[in-house]
Amino acid sequence: MNRLGICVLKAWTALTLLMTGALAQASGNEAVSALNLRRGATEISGQVYDLHMLMFSICVGIAVVVFGIMFVSMYLHRKSRGAKPANFHESVKVEIAWTIIPFLILIFMAVPAAKTLLAMEDTTEPDMTVLVTGSQWKWHYKYMDRDVEFYSLLATQREQIDNRYSKGENYLLEVDRPLVIPTGQKVRFLITSDDVIHSWWVPDFAVKKDANPGFINEAWTRVDEPGIYRGQCAELCGKDHGFMPVVVIAKEPAAYEAWVSEQETIRKQAKQEEQRLLAMNMSMEELMAEGERVYNATCAACHMPNGEGLPGVFPALKGSPMALNDMQGHINIVLNGKTGTAMQAFGKMLSLKELAAVITYERNAWGNNTGDMVQAKDVNAVASGE
Amino acid sequence: MSKATDILSPEHGAADAHDDHHEHHIPKGIMRWVLTTNHKDIGTLYLWFAFIMFLVGGAMAMVIRAELFQPGLQIVEPNFFNQMTTVHGLIMVFGAVMPAFTGLANWLIPMMIGAPDMALPRMNNWSFWILPFAFSILLASLFVEGGGPAFGWTFYAPLSTTYSGDSTALFVFSVHIMGISSIMGAINVIVTIFNMRAPGMTWMKMPLFVWTWLITAFLLIAVMPVLAGAVTMVLTDKFFGTSFFDAAGGGDPVMFQHIFWFFGHPEVYIMILPAFGIISQIIPTFARKRLFGYASMVYATASIALLSFIVWAHHMFTTGMPVAAEMFFMFATMLISVPTGVKVFNWVATMWRGSMTFEIPMMFALAFIVLFTIGGLSGLMLAITPVDFQYHDTYFVVAHFHYVLVTGAVFSIMAAVYYWIPKWTGRMFDITLAKWHFWCSLISVNVLFFPMHFVGLAGMPRRIPDYALQFADFNKWISLGGFAFGLSQLIFLAVMIKACRKQGEPVSDQVWEGAEGLEWEIPSPAPYHTFDTPPVVK
């Protein structure tokens, strides 16, 4: 190789190192980078980040050497520079060398990777456990040792998605009820699904685990710093796959304890309230107003805001025989879902009052006009098998 | 074969009537193409079909990129967006890349091994002509009630079973037909190479394109039936009440992924091994130097093919496998980089101290080496299980497989077409336009796919029609790159139309100064029938 070739190679190496350094710099300093993986909020996610940067540097190194030699050759060994082709075309020694050397590099990569992997998959001895259940298109969280469970839905307004309102800072990465976990404790997640495969992903924890219907997966995290951590469903799960974010709030253990106790109290009160409401009737206006809210939050993703559904995929409610004539069947399908279809059981997701309101709404909106009113006690009657 | 017969107008052959060959049986017009059993005609049909599918699948990619140009939903509904990503993937894999390679195999393998035609010419005709039906069915499914398949080209159950639309039946049927076509094509390649090599064309004298296609054909025969099994189980789960992939009936949705990727991983090598063969033909020609390490190239190709059967679950690290399985698949996957590296090193060693010129095929081949290697290196990163948990199902993966498949497989196909089309038509293509095609493609494809690494690492999942605001800037660039890359292919279309209309300077038999091999010893354009008497290879 002549001197010019060496110069080109040096300049090439310097340029690449500069770019790699800039990337590492740009990503190392900020919590969330637009260019690179994030270091995250846990010891594991930090290890994963370091592993990523190690692999990345090795790959850049290999690329610099290989492309460098190739570019030098492209410059030096051109016919237009009078290059005459050499005659060599095989060398067992060289072939063995460039089989063995990459193999050694691979071993160097494999050791830290295996170590981190073993640490990530060790879900033993957790301090607490949360059951995470995906369904089209929301997450459900159940604290296994406490009486707290709730659904977590996208909180971004429809108008922002449709470009009618300007988009907020956490567009598509905000939910109505985030998962709350304590800092400094090993939290185990049991992950499953009610319908299709979803994948629960929080980049800051380096946790991504598929939610498989009928099976339970395990993952864990121990968050160091209090904060709000955002992620998304990572496995294509149907129409609104892009609209089921994950938000986790990590609180100091004391604040967490206060929050979880408060949730238990609220839940207890809600149950009592529900029993009290069984004796009461709501007016048509109240039912329709509440029903519209529940419908748009819960049902409109599939059955569409205009009740017409998506032909061939999700059935229409507008003018459907069930919504017009079969009230018992209607209450039953909303409560219990329909197996073998995307229709979920909303009995465990909505309160009796909400169920009554949304069924009333579906029987009277979009020209269905049956005049039927469904009260909480009617729903309760079907639910309890009367 | 004293006279060069014009391949695009075989009636000339009949007019020449220099011997009693079958030229005078060839029907004219459309029936020539429908009834043809000639490997060159069928190769041309495959290549044009692949190109049309490339443009159709590309148009779908344009829809995807238009929707992703900025945050919010502007152009299409999420359900249609999912149909676009799904059908784009299916068309590009089964309709563009695979038929293009089969077209090249048809054109080149008989000419390279000194055979008069493919071994099973009637089956050859059939394996092509069922393809347009397969893709008509697939495309028609977009127009049925509920739309076409919207579950990704990987059609994971139960999204593709319980939760899919009725068009799934059409999807299954069309995949069956594609599979039958591929298997027949593969059988033809194997039988041809085993039985029809010219005297003296020993195994270790075969051109690497022939070697890589032989190995690819075995992969096809091994895994296409697995795909057929997977789609059949999806069909019966959805329509006939079985529960292969439904836990409630004793099945397992993750088993679907094992079956699919047992097909799917060898499938990605099916789409890259012939590319390795093409590059191994082109680099020595324009370096004017013999391929470095021919034998090690053959062994490396075989090793990659064998390893491809034991790495499938690296697509499934997040499904919750036992840690021992994760380790196994991580290490096995990393191993693949060794033979792949050997190939790249051999190409560079071939160039080293050669006497290089940079004609269009060489430019595509060099771009292939650099850009495919980038895709290979990101593949190595993806093999590392702990970090794959972060990369999995993000745009980092999208960047990776587009580098391997677009700047890898597709660039190699373009390199091949530019390399051999003067032999096929007897004329040099429009070099100026081809240069425009190369540079526009090279720049736009990197604007298109390189920033995908960044948005993927920053956390953007794949297969979403709308995204958080921090991904907006890069997505704009990605879309612009996409539109530019799409438009650049219209230049390619222009070059090809001009070439097929025989515009351009006549070329010599050897065409390229450094070209070696049987196909360069026959006249340009290649006669309709070649090697009626087998040549003797020394």
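From the backbone N, Cα and C atoms, a Cβ is placed for every residue, glycine too.
The following features are taken from TrEMBL:
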REGION    B:1-21  region 'Disordered'
DOMAIN    B:33-538  domain 'Cytochrome oxidase subunit I profile'
TRANSMEM  B:45-66  transmembrane segment
TRANSMEM  B:86-109  transmembrane segment
TRANSMEM  B:129-151  transmembrane segment
TRANSMEM  B:171-196  transmembrane segment
TRANSMEM  B:208-235  transmembrane segment
TRANSMEM  B:255-279  transmembrane segment
TRANSMEM  B:291-315  transmembrane segment
TRANSMEM  B:327-348  transmembrane segment
TRANSMEM  B:360-384  transmembrane segment
TRANSMEM  B:396-421  transmembrane segment
TRANSMEM  B:433-457  transmembrane segment
TRANSMEM  B:477-497  transmembrane segment
Surrounding residues of the transmembrane segment (B:208-235) on its own chain - C-beta under 8 Å, 6+ positions past either end: 101, 104-105, 108-109, 112-113, 155, 157, 160-161, 168-169, 171-172, 175-176, 179, 182-183, 185-187, 189-190, 193, 242, 244-245, 256, 259-260, 262-263, 266-267, 269-270, 273-274, 276-278, 280-281, 291, 294, 297-298, 301-302, 305, 308-309
Tertiary contacts of the transmembrane segment (B:86-109) (same chain, 6+ residues out, Cβ under 8 Å): 39-40, 42-47, 49-51, 53-54, 56-57, 60-61, 64, 115, 118, 124, 127, 131, 134-135, 138-139, 142, 148-155, 175, 178, 182, 185, 189, 192-193, 209-210, 213, 216, 267, 270-271, 274-275, 278, 405, 409-410, 413, 416-417, 420, 424, 519
Top Cβ-contact partner of the transmembrane segment (B:433-457) among B:45-66, B:291-315, B:360-384 (pairs under 8 Å): B:360-384
Other parts of the chain folded back onto the transmembrane segment (B:291-315), taken as Cβ under 8 Å at six or more residues beyond its ends: 204, 208, 211-212, 215-216, 218-219, 222, 257-258, 261-262, 264-266, 268-269, 273, 276-277, 280, 283-284, 321, 325, 329-330, 332-333, 335-336, 338-340, 342-343, 346-347, 349-350, 352, 382-383, 385, 388
The transmembrane segment (B:396-421) versus listed stretches B:45-66, B:171-196, B:255-279, B:327-348, B:477-497: most Cβ pairs under 8 Å: B:255-279
Contact call for the transmembrane segment (B:45-66) and the transmembrane segment (B:477-497): at least 3 Cβ pairs under 8 Å, seq gap 6+: yes
Segment-segment contact (the transmembrane segment (B:327-348); the transmembrane segment (B:360-384)) at 3 or more Cβ pairs under 8 Å: yes
